[in-house]
Amino acid sequence: MSSSLGKEKDSKEKDPKAPSAKEREKEAKASGGFGKESKEKEPKTKGKDAKDGKKDSSAAQPGVAFSVDNTIKRPNPAPGTRKKSSNAEVIKELNKCREENSMRLDLSKRSIHILPSSIKELTQLTELYLYSNKLQSLPAEVGCLVNLMTLALSENSLTSLPDSLDNLKKLRMLDLRHNKLREIPSVVYRLDSLTTLYLRFNRITTVEKDIKNLSKLSMLSIRENKIKQLPAEIGELCNLITLDVAHNQLEHLPKEIGNCTQITNLDLQHNELLDLPDTIGNLSSLSRLGLRYNRLSAIPRSLAKCSALEELNLENNNISTLPESLLSSLVKLNSLTLARNCFQLYPVGGPSQFSTIYSLNMEHNRINKIPFGIFSRAKVLSKLNMKDNQLTSLPLDFGTWTSMVELNLATNQLTKIPEDVSGLVSLEVLILSNNLLKKLPHGLGNLRKLRELDLEENKLESLPNEIAYLKDLQKLVLTNNQLTTLPRGIGHLTNLTHLGLGENLLTHLPEEIGTLENLEELYLNDNPNLHSLPFELALCSKLSIMSIENCPLSHLPPQIVAGGPSFIIQFLKMQGPYRAMV
């Protein structure tokens, strides 16, 4: 039985000015009704070139995919704030813009079906934003806006563009994301002043050879389409800095990609790539390369020439080895993700290959050993993820990993943690769940910066008293072990907010648990020998979630136990010696 404690239900206030059904119907007819809110946030209404936002899903967190155009999004409005517009209101906005000689017009989120032809009069405009409307086409008159530099049409239902747009000789940014284009409109290839082109999330299947005409492009995003190949002419985009072709159906890249030597960000994740051309080594400016979720079985040696590379993500391919000395050649590499591949050993190349690495993710491979000394030069290595491998032990120099901040060793076959874990003095997160640990080293108490310790699903029978020294600990997970008691020193963990003790053999909780003044979540479920709870538990004033399923608690009145956690806490408050304090 799990419960949220002390939560009050939000009262629902009625809108005193709610429109009648007839009024709503009349308004709906005038505005054309509302469309569903798009799940993608709106881009900012600025015509600046977009840069990759760090730390997507996908990214630039190490081991996480990155999206090169996600920094131009702006938050969705609060519910109920979407604007309704009749055609008359839109015309009114156009007139106001003309009278004030405004250079910027934002008609986003107006449920516009058809843009009035009078738009042609606003020849002074340099920026026009039409995000999140219901446009299926644009009037030819938009071609009269000869000073336009930014045209934002994201989140509409466009299937084509008028040929008159080729009059927009000054257009630099064109945003066509989230429309219904089945091809790149031919007029787009004639907009040779474009520097930024967003075509994400359409239904495009091909990129024509005419892409070569857009020689000024620095940003091209065509992710989330159905593109099966890129033309050789892509290599003529010599000013390209960011190329995002993620989430398509590419099996190969043209060798001409090597001519795009200015590229810094290349996102190819979630395709069907079987190989990479050797010419990729010509991308001397490349700093971020995303190749996760493809079908690669090898990486070309030429990649070693990409000496500016800082982030390399190869997650979920079929790679079992890397070219020797590849990593040592990438002297600026700080984030390396090799998760979900076929590695049985660490890459060949010795300690020097990790000298600049900050984050290393090798989760879900078949590695059974971390070589001794492999991190002896890894002075900045802060995050290591070895989850879901076949480790049975840790190297003898384990205690020298003094820069480590986050260490994930979950889902291996470790039977013990070396005593010299005490040397990992920078450690803040330690994940050891799903191993074969029967006890913990006393040196664990030296990890004074530890905020999270996860020991779920091991074979622990007790905890060392030194755990009391982990005073910064906020999350302690001990679920599914064989604990019968807790050390009294657990009461010193006053910063603890989450304590997982479910699926153990606990017979009681120490009264010191009452000193956990910041405890918010307590999981006691499935402890078949837990018959009572200490009155001191009532002193945990911030406790909001407590789980007691499948605990007998026979020393408490049955009707109290049946009432659930909130009843139990109330009982402990009122019946215990601390009722005057709570």
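Just so it is clear, glycine is given a Cβ too, placed from its N, Cα and C backbone atoms.
Residues or ranges marked as region 'Disordered' by Swiss-Prot: 1-88.
Marked as compositional bias 'Basic and acidic residues' by Swiss-Prot: 1-29 (among others).
Summarising the annotation, Swiss-Prot assigns compositional bias 'Basic and acidic residues' to 36-57 (among others).
Annotation comment: Swiss-Prot describes 63-66 as motif 'RVxF motif', evidence class similarity to another entry.
Taken from Swiss-Prot, the feature repeat 'LRR 1' covers 101-122, and the record attributes it to similarity to another entry. Taken as a whole, the repeat 'LRR 1' (101-122) shows an average pLDDT of 96 in this prediction.
Swiss-Prot lists 124-145 with the feature repeat 'LRR 2'. With a threshold of 8 Å between CB atoms, the same-chain residues lying at least 6 positions outside the repeat 'LRR 2' (124-145) that come near it are 32, 35, 38, 42-43, 45, 47, 97, 101-118, 151-168, 170, 175.
Residue counts of the repeat 'LRR 5' (193-214) by helix, strand and coil are 5 helix, 3 strand, 14 coil (DSSP-based). Marked as repeat 'LRR 5' by Swiss-Prot on the basis of similarity to another entry: 193-214.
Sequence annotations record features per position, and here Swiss-Prot assigns repeat 'LRR 6' to 216-237.
Each residue of the repeat 'LRR 7' (239-260) gets a DSSP state, and the totals for helix, strand and coil are 5 helix, 3 strand, 14 coil. Swiss-Prot lists 239-260 with the feature repeat 'LRR 7', giving similarity to another entry as the kind of evidence.
What Swiss-Prot records for 262-283 is repeat 'LRR 8'.
Long-range contacts of the repeat 'LRR 9' (285-307) within the same chain, counting only residues at least 6 positions beyond its ends with a Cβ under 8 Å from a Cβ of the stretch, are 52, 59-60, 65-66, 246, 251, 261-279, 313-320, 322-323, 325-326, 329-332, 337. Annotation source Swiss-Prot lists repeat 'LRR 9' at 285-307, citing similarity to another entry.
The helix, strand and coil residue counts that DSSP assigns across the repeat 'LRR 13' (380-400) are 3 helix, 3 strand, 15 coil. Taken from Swiss-Prot, the feature repeat 'LRR 13' covers 380-400.
As annotated by Swiss-Prot, repeat 'LRR 15' applies to 426-448. Residues 382, 387, 402-420, 454-464, 466-472, 477 of the same chain sit 6 or more residues outside the repeat 'LRR 15' (426-448) yet have a Cβ under 8 Å from a Cβ within it.
Residues 433, 448-466, 500-510, 512-518, 523, 529 of the same chain lie 6+ residues outside the repeat 'LRR 17' (472-494) yet bring a C-beta within less than 8 angstroms of a C-beta in it. Residues or ranges marked as repeat 'LRR 17' by Swiss-Prot on the basis of similarity to another entry: 472-494.
For the repeat 'LRR 18' (495-516), same-chain residues at least 6 beyond its ends with a Cβ under 8 Å from one of its own Cβ atoms are 456, 471-489, 522-540, 542, 547, 578. Look at Swiss-Prot and you will find 495-516 tagged as repeat 'LRR 18', backed by similarity to another entry.
Swiss-Prot lists 518-540 with the feature repeat 'LRR 19'. Same-chain residues lying 6 or more positions outside the repeat 'LRR 19' (518-540) and placing a CB less than 8 Å from one of its CB atoms are 2, 479, 484, 494-512, 546-556, 568-569, 572-573, 575-578, 581-582.
Below 8 angstroms of C-beta separation, residues 49-50, 67-69, 177, 192-210, 243-260, 262, 267 of the same chain, each at least six residues beyond the ends of the repeat 'LRR 6' (216-237), sit close to that stretch.
Remark: secondary structure over the repeat 'LRR 6' (216-237) totals 5 helix, 3 strand, 14 coil, with classes taken from DSSP.
Nonlocal intrachain contacts for the repeat 'LRR 8' (262-283), taken as residues 6+ away from its ends with a CB within less than 8 angstroms of a stretch CB, comprise 52, 58, 65-68, 218, 223, 238-256, 289-306, 308, 313.
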